[in-house]
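Structure, as C-alpha cells:
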Amino acid sequence: QRNVLLNQTNPVEAVIRNIASNVTVIIFQVHSQQSDVNPSTNSSGTGVDRGLISILRPQQTVCTWYLRSLDANQVLSTAISMPYMEKDPIPGGCNLEFDLEVDPNIYLDYTLVDVRIKFAPANLGYMRGANPPSCDSGTGQNSRWRLRYDVYQYFLPENNLSEMVLMSHLRKMSEVQSIKANGVKMLTVTSDDKTDVYFSSLPGQGVIYNVIVWDPLWNTSAAYVPVHTYACSFADLVDNCSSLSKLSTKIFFTALAVLGLFTCFFGHRFWKTGMEMLPRFLVQNFLFYFSVRLVLTAVAGITGGILLVASWWRFGSVLLCMLIIGLVLGFLFSSMVFFTPLGDYRVFRDDVVFWVTFSSVALMIPVLFVGCPRILNILACGIVGSYSVVLAIACYVYTSLAYIALDLLRRILNDYFSRAYTNVPFQTNDFIVLAVWLMLALSGVTVQLRRERSEVPFPPHPYLTWKRERERRSTNVLDPSHHIPPLRERIHGKLLQIKELFQKEQPAGERTPLLL
C-alpha cells in the first residue's frame with residue numbers, strides 16, 4: 001500500500017517489478033475519500049474506489065498502471081496491489097452487467113434509508129497463457145457455480161471523517177486474511193442468488209464493504225476491491241457529512257428531550273400532562289402507522305389487545321391511557337430486541353413473521369404488568385422519557401442507539417427495508433450515551449417510586465376495586481345498591497315494560513251495559 005497525491009493533468013505511474021512466476025493475476029486498486037480516481041488512462045471507469053485486474057502473460061515480470069484524478073486539485077489517495085495464484089478464483093471474471101470484461105469492483109448506491117452493493121460473479125482460476133474457463137459451460141461442481149461469496153462489513157471510527165483514517169483502514173479490508181480478522185461477516189451468497197445486498201444506511205458513519213469469493217474444491221479465496229461510504233455528501237452546503245441535522249430538526253428533538261426529561265421524573269405525578277406531551281406525540285406519529293401493519297399481519301395480537309382493553313372498560317380513559325403508555329414501552333422494548341443481531345435473521349425478512357413477532361413481544365409488557373399499572377406507568381415514563389434524550393444527542397453527535405427507533409420507522413414507512421441488514425457499530429460514543437440513558441432511566445424510576453410509595457395506588461386495580469365494591473354492597477344495608485333486585489327480576493321487569501309499549505290503549509271513562 002502507498003499513499004499518493006493525484007490530479008487531473010499529471011498521471012502518476014505505478015510499476016510492480018519482479019513478479020513471481022506462480023502469480024497469474026494482479027488486482028490493482030486506488031481509493032480516495034470523495035474525489036473520483038482512475039487506475040488507468042484508458043476508459044476503465046472512475047470512482048472513489050476503483051480497481052483493475054491485470055491478467056499476466058507467460059514470462060511477464062513487470063506490470064504498469066497510470067493513476068489520475070478527475071479533480072483539478074491535489075487528491076490524497078491510496079494504491080494497493082493484490083497478487084493471486086492460478087487456483088485462486090478471479091473476482092468479476094464472469095461479468096455480464098458492467099463495462100469491464102473482468103470487473104473486480106463493487107458498485108455502491110445509497111439513500112437515506114439503505115445502501116446497496118452490487119458485484120459481478122467470479123470465475124475459476126487458471127494458468128498463465130491458458131484460456132479462461134467458460135462461464136456458461138454448466139452448473140456442476142467443475143464450473144464457477146461452485147463458488148461462494150462472503151460479504152463483510154467494517155465500521156470506521158465514529159465521528160471521524162479524516163482521509164488518513166480511511167486510508168489506513170482500507171488496507172484491513174483489501175486482503176483475504178485481514179478481511180476475515182477485522183470485518184464482520186454478514187451473509188454468504190451462492191451462485192444461484194443475486195449478487196446484490198442491502199444494508200441500513202448510517203449517515204455520517206464510515207463503512208467499508210468487501211466480498212471474498214471462495215472456491216470450496218481448492219479451498220482458495222480472493223477479495224474484490226473494497227468500497228466505502230459515509231451515506232452522505234461532503235460537497236453539499238446543507239445536510240453534509242459534517243452537519244447531518246437541520247436546525248429545525250435539532251430544535252424539535254431538543255424540545256422533545258426537555259419534555260421527555262419532565263416525563264422521566266414527573267410523568268406519573270402529572271400523568272395527564274405526560275399523556276398530552278410525549279405519549280400523544282408518539283401515538284399520533286408512530287402508532288398510527290404501526291396499527292395498520294398490526295391489523296394486517298397480527299390479528300392475534302390485536303385481538304389480545306382488544307380483550308385487554310375490554311376487560312378494563314369500566315374504568316374509562318384513565319386505564320386506556322395506561323394501556324397506551326404500556327404499549328409505547330412495549331414497542332420500545334421490542335425495537336431493542338430486534339436492534340440486536342436477532343433482527344438480521346433471515347426468517348424476519350418476511351413481513352408477516354416480523355410484525356407478528358414484533359407485536360407479540362410488544363404486547364408482553366402491558367400483559368405482564370396488567371396487575372400493577374402504577375409500576376407500568378412509572379417504568380414507561382422513566383425509560384421512554386429518557387430515550388428522548390438519546391434522540392436529541394443523535395442530532396449533535398453520531399450514536400447508533402438512535403437506530404433503535406429509526407430502523408423501526410424505516411421498516412414501517414418503507415416496504416423494501418425488510419431486505420436490508422441493520423447491523424450498526426457500537427463504539428465509545430455509544431457506551432457513553434448508553435450509560436447516560438441508563439442513569440436517567442434508573443434515576444427517574446427511583447425518584448417516582450420513592451415519591452409515590454406512600455400515595456394511594458393510581459389508577460386503582462380494576463379487579464380489587466370491583467371486589468371491594470361487591471363486598472360493600474353486600475354488607476352495607478344503608479347503601480341503596482344493597483336493595484337492588486336480583487338480575488332475573490330486573491330482566492323480567494324490563495320485558496314487562498317493553499310489552500306494555502305494544503298494548504292497545506284502553507278508552508277513558510266508565511261504560512254501563514244497555515238494559516233492554
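Each residue, glycine too, has its Cβ placed from N, Cα and C.
Taken from TrEMBL, the feature domain 'TM7S3/TM198-like' covers 254-449. Mean predicted confidence for the domain 'TM7S3/TM198-like' (254-449): the pLDDT average there is 78.
Positions annotated as transmembrane segment by TrEMBL: 251-271 (among others).
According to TrEMBL, the feature transmembrane segment maps to 286-310 (among others).
Summarising the annotation, TrEMBL assigns transmembrane segment to 317-340 (among others).
What TrEMBL records for 352-371 (among others) is transmembrane segment.
Remote same-chain partners of the transmembrane segment (378-406), defined as residues 6 or more beyond its termini with a Cβ less than 8 Å from a stretch Cβ, comprise 158-159, 200, 202, 204-205, 244-245, 249-250, 253-254, 256-257, 259-265, 267-268, 274, 278-279, 282, 325-326, 328-329, 332, 335-336, 339, 369, 422, 424-427, 429-430, 433-434, 436-437, 440-445, 448-449, 452. The transmembrane segment annotation in TrEMBL covers 378-406 (among others).
Here TrEMBL flags 431-449 (among others) as transmembrane segment. Within its own chain, the transmembrane segment (431-449) has Cβ neighbours under 8 Å at 261, 264-269, 378-379, 381-383, 385-387, 389-390, 393, 399, 401, counting only residues six or more beyond its boundaries.
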